[in-house]
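A.B. asks: A single structure is presented below for examination.
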Amino acid sequence: MSKVKTLILRTPGTNCDVETSYAFELAGSETELVHINKLLAKPSLLSEFQIMAFPGGFGYGDDLGAGRVLANEVRLKLGEKISRFHESGGLIIGICNGFQALVKTGILPGPMKDGQKITLTDNNSGRFECRWTYLSVNPFSTCVFTQGLDRLYLPVAHGEGKLLGSPEVINKLNSAVYYTDKDGKRNAPYPANPAGTLMDIAGIADESGRIFALMPHPERFVRGSQHPRWTGEGLKKEGDGLKIFTNAVKWAREV
Amino acid sequence: MHRIEVSLKPEWPDPKGNGVCHDIQDLGITSVSEVRVIDVYWLEGNLSDSEVLTISGELLSDQIIQTFKYDANCPLAEADGFSAIEVTYNAGVTDPVQETILKAISDLGIKGITAARTAKRYLLKGEISADELKTIGNKLLINPIVQHVVTSSSNPFPPNPEYTFKLKKIDLLAEKLKDNMASLGKEYSLSHQELSVIYEHYLKLGRAPTDAELETLAQTWSEHCCHKTFKAMLDYDGQIINNLLKQTIAKATAELNKPWCLSVFVDNSGVIEFNDEWGVCFKAETHNHPSAVEPYGGAATGIGGVIRDILGTGLAAKPIANTDVFCFGPPDLAEDKLPPGVLHPRRVFKGVRSGVADYGNRMGIPTVNGAVLFDERYTANPLVYCGTIGLIPKKYALPGKQSAGDLVVLIGGRTGRDGIHGVTFASGELNDRSTELSFTAVQIGNAIVEKRMLDTLLQARDRELFVRITDCGGGGLSSAVGEMAESTGVKIYLDKVPLKYSGLTYSEIWISESQERMLLAVNKEKLGEILALFESEGVEASVIGEFTSDRHLKLFYQDHQVADLQMNFLHNGRPQLELRATHHKTRHPEADFDCPKDFETELKNILSHWNVCSREWIIRQYDHEVQGGSVLKAMVGAENDGPGDAAVIRPVLGSKKAVVISNGINPSYADVDAYNMAASAIDEALRQIIAVGGNLERVALLDNFSWGNASRPESLGDLVHACQACHDLSLVFGTPFISGKDSLNNEFRYEDKLITIPHTLLISAIGVMEDGDKAISMDFKKSGNLIYIVGKTAEELGGSHYFKNHSFIGNRAPAVNAKRAKENMQALSCATAGGLVAACHDLSEGGLGVTAAEMAFSGKLGAHIRLADVPLAEKIEREDYILFSESNSRFLVEVAPKHQAEFEKLMSGCDFGLVGEVMSEPSLEITGRDGKEILLNTPVSELKEAWQRPMRW
């Protein structure tokens, strides 16, 4: 059987592409870093891949709001291709800036034709924050990436991570991961939910469960010594984030 | 012209506005109850109303939470109940967002747009007086260097002047006859001696120099570019020192002759071997003067510049980590102590921090550690050190070489009037009019332009599409081209340089310090391929000239030759400075206060000192984990908030091999003794590497001198001493210097006063660690474990924080016995490598007391420490001196009882003492010399609070 292939999308300002690629490789996928201009020139490239990743960073500097310029470019120039990729069974993951872009294209929560329904905006603190967060996985979510997972510990690093939208939309989201306190309880005060996001939502999936995006960075915790307290709590064999990638690769392989 | 205002819907809170509101309250203004920030956009071009609506709705605003107002009549009327201040960039200052807006509008399929500008409109709620409004504007929202307040008569798109070529020559003979040489020297920042040499040179040539030639000489011969003080002929109390750098720092490196040093002192950064395949390089720079007048832009371009140094090392390295060290005036400085024309330290601090973070975060380079120091003397002359570490294939570690016929290719950002005369500005002293006069010397950075350049450059390197690279930094093209072409010669066509706007003279193009530009030498056969690569990712690249073989620097503008300089004169013609240095010793009053009864308050006061307290506020705002290499972070311990020592990262993701990065800096000791100040900085940098489990096997150092004024003999004498310390310790520790930098004019003059910064030497260290999984952190791990101190304590409190808190300086700064320190460090490294050490932290500011407190509260555990068991280098009567002495080369080490015998055996022959135990009861207990009296018994939560409170902003 041929190997699963993951396309890691690069744009001006993407900066987590290398470690995201490394995480997918650890999970057993082949990866290719593809610049958006290359994909725009040849959108059919996408059909060679089973997984597409929108990594973290500051696409186009986040000059007009996080992910906005990239989102417009993707929506207007690649929207149809991406819809087809998804409909034919492809998996899509967005991390941090990738989440912001997916939300602003309308790909999440989807469908894209309905346009943008929610947003990710300035943290309550008004500043960029890099810190580790406790997460719990929603066991009822159909999200392919989080199947079988329960609790996670992952870092965030963002200035615009507060998820907002109308209550009707928020209540219907296919939420996949929530910010919690150390003991896994939701509704924990700052900084457990670092941006002050509605309903503690850290990541969501589309209806199919095959498009998933989150603010925390699973690719930054794939080996034990990335944990902030490994020197005190012991070196784990692998990081919590790796399972998200192995889930995706496994799913893509089995389909 | 179209004007669009984008604001949050009123039902959503405005975090950015809240931040401004908070800052206004910090100014002591309480009348403002709410702030809303509105984004303003001006679009120029032939756009229909429906197109502007599309742009506003789909691009400029977020429909979920924002609304926009589009009114062709440019309303500036004040909103109901709010006062408004609208701020935009000055004409000629790059609006960093313009380029993105134009790109994004073209994505929407809209063609007619020609230009875009942005502004911020602040709406302030409350009964605000006109005076208060002015204060808020001047002290917080507007920096007149780069911004102004928008009024109804403002024109966001002023026409740029056209430039018609006219060759400018400077008739030196006539100037001399007019007795005008002094003012000419001033205009070009050339000394009398330098100008005389130039005069003689042109007399021989029989012609007058052009302005471009004089500018080139001025830039190349500036302190910033050629370090003329370090290369001067010194008369040091009768001893002649020809080139201080060569006689001290570089000499030690040459003597050590380490085979793993791949490139030292010859390139934009120094390179050492990491493993068989890779090298790591390291460079730290200062960006002091620009940061003093425009903290955000100055600091952002400081980090941008040092990143380009790494990109411009060898045949291009990949930046993998940043480390930043800042020196500011105290954040709580009283307004009436602020010299005229100077920004408040708090504003400088906040601006610098966000400038560095915004640039570093956007570049995707983790800021892994750093330091911040405060002293009133830094108020007018803040220091901003930015350091970057790079990863480079060993085969590309050395600088490349071009041949005649190779092309000069300029890539990256466009050239504007920004940053003109930056290096001569940086090489002079600041005064109360600096902010008015220096507006062109400040650049505005654009991290994404640099990021694009980085991404494509590394691809071009791996495909071997260029033969040499250097960065355009201080002095712009004039320095970069002049340096690069020294061995060959070059022709440059200045009209081929892409400009941000029209109206620049050929000289301005030549010396502009616009950011995000690099210079490449490209073989003609590879030109097509490299241009295509850059174009594919949107990086502008232009051929601006060709290397020759005549060793002349020739400049052309529209077919006119505007300069012809001999490389030999340009690089070797500068007359060597002759300076006098003298040894002196300042005596301070001896400390005179009784040993306090209340040790708890003393300890808390040091923990709360600006120089010691928690830096979490800063650190959290840096992305310190991007690139995925993190092993030991800046904040460690049970709650991820303890003060880590050196940073450890794994630059090659699949390999356990790690690099260790640390800084040492101790300007307080310079008030006592410059030699010991420098020695202490080196010791501190090395201590931190040892503390995290590193060793001295492969450690390289950087020196970075910031002096007040090196032209005074006493001050220069101190510089000589500091350099000698660098030489001596480098040799004994076996740790070579691989690169360095200096900024020797950090004085501020106003009225009849002169403020001089303390002599400040930043030592940065980089080491290689075989296995990152062997790293250890500083937090106590387990109750019942033993606590050892390594190294001896002496009564060395000169310049200490304990004395500072009692308003004394003292006369005995901590010295370093390097030979003994090295033995202790090596033994300790063996113990950590053998897995015997559970935690280790070095003793620095605040000595044993602070170190024990930090290890305890970081581990959420208690500790018992016995002063009676602390090994002393001499008899010390006072217990407060033992507890707070800042003697160098000391560590506090946690060892499990089961490793006691093995640890003590490994350390036998070293200076160490078993001074205590880790306790489950979370308080710090310290007993005195008699072994009984409890000097202090305080809950660690209180100590932590004292340490966290000051900078909990």
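Quick reminder: no glycine exception, Cβ is built from N, Cα and C everywhere.
Caution: TrEMBL annotation is automatic and unverified by curators.
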A.B. asks: Out of B:Q219, B:Q443, B:Q826, which is the one TrEMBL records at the substrate site of B:R308, B:E513, B:S514, B:Q515, B:S743?
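C.D. replies: Looking at B:Q219, B:Q443, B:Q826, the one TrEMBL places in the substrate site next to B:R308, B:E513, B:S514, B:Q515, B:S743 is B:Q443.
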A.B. asks: If I go by TrEMBL, which of B:D237, B:D324, B:D703, B:D779 binds ATP at the same site as B:K283, B:G740?
C.D. replies: B:D703
A.B. asks: Spatially, and counting Cα to Cα, which of the binding-site residues is closest to B:H224 (active site)? Options: B:K283, B:E285, B:S514, B:D703.
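C.D. replies: It is B:E285, whose Cα lies nearest.
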A.B. asks: Quick one: average pLDDT across the domain 'PurM-like C-terminal' (B:782-927), no decimals.
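C.D. replies: Mean pLDDT, the domain 'PurM-like C-terminal' (B:782-927): 98.
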A.B. asks: Of B:K283, B:E285, B:H287, B:D703, B:G740, which is closest to B:E513 (substrate binding site) if I measure between C-alpha atoms? They're all recorded positions.
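C.D. replies: Comparing Cα positions, the closest of these recorded positions turns out to be B:H287.
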A.B. asks: For a quick check of understanding: given the listed ATP-binding residues B:K283, B:D703, B:G740, what is the maximum Cα-Cα distance in angstrom, as an integer?
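C.D. replies: That value is 9 Å for the farthest Cα pair.
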A.B. asks: Secondary structure at B:H287 (active site, proton acceptor) (DSSP, helix/strand/coil)?
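C.D. replies: Looking at the DSSP assignment, B:H287 (active site, proton acceptor) belongs to neither helix nor strand, so coil.
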A.B. asks: So how many other Cβ atoms are close to B:G740 (ATP binding site), meaning within 10 Å of its Cβ?
C.D. replies: 25
A.B. asks: Can you give me the Cα-Cα distance between B:R308 (substrate binding site) and B:D703 (ATP binding site) in Å, rounded to a whole number?
C.D. replies: 19
A.B. asks: Any idea what the Cα distance is from B:Q443 (substrate binding site) over to B:E285 (Mg(2+) 1 binding site), rounded to a whole Å?
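C.D. replies: Per the Cα atoms, B:Q443 (substrate binding site) and B:E285 (Mg(2+) 1 binding site) stand 16 Å apart.
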A.B. asks: Taking only the residues the record lists as binding substrate, namely B:R308, B:Q443, B:E513, B:S514, B:Q515, B:S743, what is the largest Cα to Cα distance between any two of them, in Å to the nearest whole number?
C.D. replies: 21
A.B. asks: Might you list, by sequence position, any residue in that chain lying six or more from B:E285 (Mg(2+) 1 binding site) with a Cβ less than 8 Å away from its Cβ?
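C.D. replies: The list for B:E285 (Mg(2+) 1 binding site) reads B:G302, B:G305, B:V306, B:D309, B:Y385, B:C386, B:G387, B:N704, B:K741, given in order along the sequence.
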A.B. asks: Using DSSP and collapsing to three states, where does B:Q443 (substrate binding site) fall: helix, strand or coil?
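C.D. replies: B:Q443 (substrate binding site) sits in coil per DSSP, no helix or strand.
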